[in-house]
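Participant: Supplied in structure tokens, the structure appears directly below.
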């Protein structure tokens, strides 16, 4: 772990550049309105009421001593971007339910609570995924996307002030529960380790906005996900503890355009079972010195909470190559911004459908309804990075293969009523054997049913289906409309301009 490399603070010019950067983030719609924030808080409050009633009902049914059911409760703890204070318009809510020892995940959480949610009017698009790496209930609650995890701790009752920071809370838990708890624990540890929460949040908003614009924000696709980006930004903040965001953003790209992977990025020293005086828990910890298999990871970005894990385990040679090229390009853009002072150039979207001459088109099809399509599409998306790995293996790492993180809803033909959605992978030539192996692997899905189909076809740029271009244009029009609305609102009165400025400046501190 290196000490800070630059301790000098921001100049007036740096503060002015930061103001311009924050203005761009506001105009890009990355901050919620007061109404959207209130709606999100209502969702969390109502979900807390549902899980409280669920635990009380389970406790009463099991005939525990009088009064126990009355005081039984569960905690609902948001994590991810919401806990880090960088959520914005349209952000989903990642939340952890912490229940007592006698409430299990398999039956009580997925079957019982899942049934309660299925009958709740506010819930739509309900999807139970008990077999995921981190078991999850996905849903929309009054239109807000919510991913709900569960952890049963070894306590007969869950106190409202339960401390999740120490190792002791992990005692006796399986790895699925440990991974569920670590969403909250990692977020809290990141915020504890950054020197300036406000500068960290603004810089992270910038980096996430850039990564999404450039098509490299997706853990499932083999890029970096939300936790990984947060750790990378936090490390730069540690190296420049007194820097303003306008200083941190260019340094972020300079550092990671030159980073010698697989040297790990860590916010603190790795914590092992034999460190300190606590009783060993025997949980696997990322450390290639002790676990040789960890040495094969291409982009180690290590979570700071015990047990330390690589948040970028899914990164492949192809996706790392794509991200490195983007880091280098952003570094060059930032050098020009330092002179010109205009931040818009950094966030220009990557034109995926003009970048390559050929694509693999992965069509996900079902004969059933939207629920079947969501399930089948989610499974295919989780396996799509294996297609990239197979292309790498088939070409000895020479072929550039770039998966697009977003799916496009396909329009059915008149003679085909199946629902479908398409993923695209940019490449330079078609590899028939590789794609067939990928299809064979996807069809091993344990819950596959007749009607679930997958097609992988070679598509040239000139043959891209119209619905792709239509949805890109529709998205661009929506972004321009939001930008125009924000500009109109911000210019409508001095009071609104002052309120907006105050909200931007005060939000990092108020969310600390």
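Here the Cβ of each residue, glycine as well, is placed from N, Cα and C on the backbone.
Feature annotation from TrEMBL assigns ATP binding site to 79, 80, 81, 92, 93, 94, 147, 208, 217, 226, 227. If you look up TrEMBL, you'll see 92, 94 marked as Mg(2+) 1 binding site. Positions annotated as Mg(2+) 2 binding site by TrEMBL: 92, 94, 147. Positions annotated as domain 'Poly(A) polymerase nucleotidyltransferase' by TrEMBL: 2-194. Per TrEMBL, domain 'Poly(A) polymerase central' is recorded for 200-348. Taken from TrEMBL, the feature domain 'Poly(A) polymerase RNA-binding' covers 351-420. Per TrEMBL, region 'Disordered' is recorded for 475-512.
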Participant: Mind tallying the domain 'Poly(A) polymerase central' (200-348) by DSSP state, helix then strand then coil?
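Facilitator: Per-class counts: 74 helix, 6 strand, 69 coil.
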Participant: Which whole-number value in Å describes the distance between the Cα atoms of residue 147 (ATP binding site) and residue 94 (Mg(2+) 1 binding site)?
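Facilitator: Per the Cα atoms, residue 147 (ATP binding site) and residue 94 (Mg(2+) 1 binding site) stand 5 Å apart.
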Participant: Out of the binding-site residues listed (79, 217, 227), which are within 10 Å of residue 94 (Mg(2+) 1 binding site), Cα to Cα?
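Facilitator: Those close enough are 79.
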Participant: Just to confirm: which same-chain residues, 6+ apart in sequence, have a Cβ under 8 Å from the Cβ of residue 227 (ATP binding site)?
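Facilitator: Residues satisfying the criterion: 80, 186, 219, 303, 311.
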Participant: Rounded to the nearest angstrom, how far is the Cα of residue 92 (Mg(2+) 1 binding site) from the Cα of residue 81 (ATP binding site)?
Facilitator: 9
Participant: Max Cα-Cα distance in Å among 79, 80, 81, 92, 93, 94, 147, 208, 217, 226, 227, the residues listed as binding ATP?
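Facilitator: So the binding residues stretch over 19 Å, Cα to Cα.
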Participant: Mind giving me a neighbour count for residue 81 (ATP binding site)? Other Cβ atoms within 10 Å of its Cβ, every protein chain shown.
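Facilitator: Total other Cβ atoms inside 10 Å, all chains included: 23.
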Participant: Hey, how far is residue 92 (Mg(2+) 1 binding site) from residue 217 (ATP binding site), Cα to Cα, in Å?
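Facilitator: About 15 Å separates the two Cα atoms.
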Participant: Which Cβ among the binding-site residues (92, 94, 147) has the fewest C-beta neighbours inside 10 Å?
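Facilitator: Comparing Cβ neighbours within 10 Å for the binding-site residues 92, 94, 147, 92 has the fewest.
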Participant: As a test of the contact definition, list every same-chain residue at least 6 positions from residue 93 (ATP binding site) whose Cβ is closer than 8 Å to its Cβ.
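Facilitator: Non-local contacts for residue 93 (ATP binding site): 40, 43, 44, 78, 80, 82, 87, 144, 145, 146, 147.
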